[in-house]
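Single-structure report; data block below.
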């Protein structure tokens, strides 16, 4: 073995260990790894590698790269301010410029390290794969680059510094956006990933290897997985450990591919060597067995699964491959990013290949070139090639270069144009590139200055959508000009006092507003807070002045906020904040209000002149509406001592009363009250101490711990042995000795007997009684119950009141809380009649609310009067000094306190004054209210003197840098407002151009216009929404959410349209709409109507196949399944159509899930995903049960349905019709055969209820259901599916047993892992020792082996070890011990080399750049 003089990095270490493991087994590899570790540590302790600040070398060319980028951006900004490009194009250009700068700087960093300091510790760490990657090194010594904001949009201000130089404050804050996002992301990811794993385990836990070979002829075709040109997973990697379903033939020779003595024939397991041989032979499609097509019922067979990736041998029987698959997919979940990046349309460098001129010269196109003009995403004019041709560059020195241009390429140069070296000539789209779908997005353009709008070359059109809203759209692109001026916002209702063209000075009145009262009334100027003692005198004076007392509400919380900006207000300081107009008021002039303490609660009591006492029910200072209760009479006269029955005698109430408020009395009369005591108990019947119908004395214990308060007869209510209530009815019981029919007694029940009436012969009443028939323990009887009478007057007394307007008054109302005949259950007394004071507001203003005010009395101290007022509050503008967009204001009050004002009267007037002198513009004549006024000031004009007649006329719009006369260019963009003659100093005639400053904004076609020609705008107003298309990156929904979307089989929001029948696509493009149809080979035409915003991605005349996408957007797996099923169903049986449509859907799901993991650089074997997808596509939905027992809508396994259908066709019955179903993992888990497993997952009650109703049985086939009920799981050692077959085999072995046979022949032993304590007692004849580094790969004389090397350039694979005679050695020649010096190296020849070359470092393309916070 020879010495291998090369740096061994991470990848090569992996290969070394893998080689050792495959060829020499576990024990030796473990020892070798141990020795390698010791070696590593030995050298690590001799020299340490650390990073110091000095190791971070910033490339010297950084400054120059940044300067170039900044210059480019300055040029772009200048083009933008001149209106040459739109805001979107500017943004795009800036982002692209910084992206390429960052990329160039990264290359520069690597070049700098390589050329100046290859032993730099940062460089060694990152590039050996020990720690860190190029992306992180770039942030340390390059520049951090562009970052995204919290919404995922890119901020066009890059971080130009790196961590070595330190970040500025701004950069630090931009940086922290991404960091915070990262933290939040990680926290969410862990939970999401865990839940995903749980669902996956649940759906696949019952997949166990139960048989050796299912014997299926089906399989799947394995190809390389690609993204555009880039191969993500080559075929050889996807084949490892699979079993071939068909022979693999070399495409060149047509012979079966062979590696060593192994042939790639059907049922052969693909080892690493064989897979590599197939890859080398250039075979692109290999037909292999797969869990997807395995025909084992409820499991997967060994052959379809292939190797167990844990040990690289065929999977064992009873292996729980479902759980392994679930964990393999779920575990890397935390490494997937969840964040979606809206890059604002940033293109990656992969989209197109650029051709750059390598030398200066002239561009020549052939004569047959067809091109059309095109505007690039940076706003440059270019052309698109419509056919293929060769572009030729002829150099000055006779050099010639030919560049092949493909159809669809963007040409940046014209024919015969002179170009210099380094100029981009063309961008050629990559062939077979992944469809980049686009989406329409809008970007707002805000005005940078205030002024007047003018549209130039802009053609508008109005569109009305289904809802009837009108949008104005730019039919042809153009410019929106803003001509500078000072714009004043006017408050609502302001009236302009000037006209267009008026010259005004500082403080001229521009407009005025009036404050008007709506209802009219008495003016009250609000200035005092509630109950302030120092304001007492003012209030008293005011009270006398307006014949009523007043007290202010609390300071109005409303301050004049309205739609316009605040005003600079010039106001006398004594101007009130608000003015109140009293529209109506009512006052209780004779009643006194006192604050009393009633049962530990403070309450306002109103005492009227006729000694009635009312309790105030509302708080002072609050507002009350029409018909609300203000106060309630405190009256003991209608109080009872217990509950009872109420009956009306002559009393009439309003029918529409609400029981909650009580029934309003319309006509007085008498209320009859029959008292009774009612105890609600709700206890066990055993606690009852009296009988039903028993007569008890007051104080008797009727139920444990409950005593009655009056004498009477008991009535017990019970239900289901629960005692509900006990009623004690007072009265006199008459029973037994009256000669009267029992029937007559019952007729008297519920009647009232008047005094002197004979109830039954011999029984005369002396007072009013209520008769009740009752059953007592002694027999039937009559109970004469006492009746109390309460008199109700027709009208209650109303306190005296004074009002200044008859539209508001207080009315006294009597209300009875119970209806006629109602039984009131109570032990305590209740109130039978309430007298309330209610507010009545007249017809004129029932919607207004009144304020409750308590006013101090002028004569008596400590006494207050109650007053209700209806106020209209008018807020006087007194806004703080705010914005320069406002003129200053002056406000004048036109009323005094106590004035009476008519409805519609003016209370105050506010004038808006100008701050600068100038000319008034922009007032629109017509009906619409004027909201803004523009003043053109001197500062908005530029005067340019010229000697000769200028080449411009009044009204021209010019951009900065335009020549207006020979040698004279204008410094600013703007509008020529005047060209006038002047006299120069020498007396000759000259000219003066007066330019009104302005600024153009470019508007692209299709933009939504939010302003109109001639509008006045303030700085920051949105002028227009630019509509543009940006590419959606393939994974706009990235990482975990995408995996979840696929495995839960969710329908994407806007999916693409799929081809239903193969044929030729026809695309017709009209002005606005695109029509797509497909013509099949038999001439049928299928139309495909496009949805809103869908873009066609097929060309006219292109051949399309079934299931292919016609438009952009994500594919819907349910639609794929349905499309293929409907297509195959026309030609094949339902079963075959089902299998083939499932196959298409499975292929889509496996590849999509793989793509997400690959985009994050995570490798997962296909077979794991296939096991999960198999579970998702196992069931079909029954459409028609035929003669079977299956019901429509049932979900049943396809295999099961097919067995039933086969039986039906034999017996001649009608078969079941079905449709394939794709179930998400959650749904599949809930639809498993085992209800125990499903119930333990989700919706436990529903699953168990359904199982009970259907009488289901659980056959305990999976792991979960066995774990739940505590049995041995049917996997691993508990695997018992083929017990019979196994026991038969054991019997056969026992019969053929030979005691003398030594089955452990020497040489048969594999290298065994000795992990028990007995290993030390075993003796090995010769032991291997890997220790001494110098003897690792040399022979005993120390000479390198001549015949082969540890590594050579052919770099095949590690191959078998031979001795000098050429015979291959097996593992027994290497006893598992130490590689000691007595290892006879001389005899052995390592012909097997380690394939390390693939991984030798060749640049840094393979370093991960997807760090989460960078783009």
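Even glycines carry a Cβ here, placed using N, Cα and C.
The Zn(2+) binding site annotation in Swiss-Prot covers 214, 294, 301, 304. Taking a C-beta cut-off of under 8 angstroms and a sequence separation of 6 or more, residue 304 (Zn(2+) binding site) has the following same-chain neighbours: 214, 216, 243, 289, 290, 291, 293, 294, 296. Annotation note: residue 304 (Zn(2+) binding site) sits in a helical segment as assigned by DSSP.
The compositional bias 'Polar residues' annotation in Swiss-Prot covers 1335-1351.
Annotation source Swiss-Prot lists region 'Disordered' at 1335-1390.
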Write out the long-range same-chain contacts of residue 301 (Zn(2+) binding site), meaning residues 6 or more apart in sequence whose Cβ is under 8 Å from its Cβ.
209, 210, 211, 212, 213, 214, 294
Taking 8 Å from the centroid of the Cβ atoms of 214, 294, 301, 304 as the cut-off, which other residues in that chain fall inside it around the Zn(2+) site?
211, 213, 216, 289, 291, 293, 295, 296, 299, 300, 302, 303, 305
Out of 214, 294, give me whichever of these binding-site residues has the highest number of other Cβ atoms within 10 Å.
294
